[in-house]
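Record features (TrEMBL):
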ACT_SITE  8  active site, nucleophile
ACT_SITE  10  active site, proton donor
BINDING   8, 10, 179  Mg(2+) binding site
BINDING   19, 99  substrate binding site
């Protein structure tokens, strides 16, 4: 009996968005209008690339970015939940699928000593260049019309499950924990026995309920959470069964 926990990162594990939080490093803690208005739908990664160039041009160094990022608060109850998962790793495989980047997620998880809770992190690859600028790349290429150019979370989840099956690992249940519009695609891939846990009041919850109203509900069960303690209560329940 093994469960797969799939976590989004921004507004799910942490209570903020890493990509908007980093703006605290910018001069006067804001971006120029021209840069802010340069975002085009579906091309967030390219936009963040320009933000990182702007920060680099303004002399923002790696250590300042790291100090800023590791101050991001975790979502209510999340520290308890991740502690609980860490204590029960024999029952849970745990992955992150996020539109953030490897550098930010790595900093935050290591600073809080939670990196060992997660088996794999799937997110946009990032690194500092020789000139000290942070650069970010697309996670992969895909053909899904519903998802941003750089990341289809359904594709990531499907490929992970296929790879696990090849290793002889299958799951009693997949539990998907997220908040955003880009979490809907993988949630629609879940089966009847799985469970989607959208964060209360966020886009994913609204999109799931719109589908139910238009009589094309998701196949899996849905359990809304507002604190990660709600998630932990559910996990305690299923491992007792």
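Backbone N, Cα and C define each Cβ position, glycine as well.
TrEMBL entries are annotated by machine, without manual review.
The Mg(2+) site is defined by 8, 10, 179, and by the 8 Å test on Cβ atoms against their centroid, the other residues of the chain that qualify are 9, 11, 12, 13, 17, 98, 178, 180, 183, 199, 202.
Its Cβ taken as reference, residue 8 (active site, nucleophile) is surrounded by 25 other Cβ atoms within 10 Å in the chains shown. Packing around residue 99 (substrate binding site) is summarised by its Cβ count: 24 other Cβ atoms lie within 10 angstroms of its Cβ, all protein chains included. The Cβ of residue 179 (Mg(2+) binding site) has 8, 10, 11, 12, 198, 199, 202, 203, 204, 205 as same-chain neighbours under 8 Å, each 6 or more residues away in sequence. For residue 10 (active site, proton donor), the Cβ neighbour count at a 10 Å cut-off comes to 22, with all displayed protein chains included.
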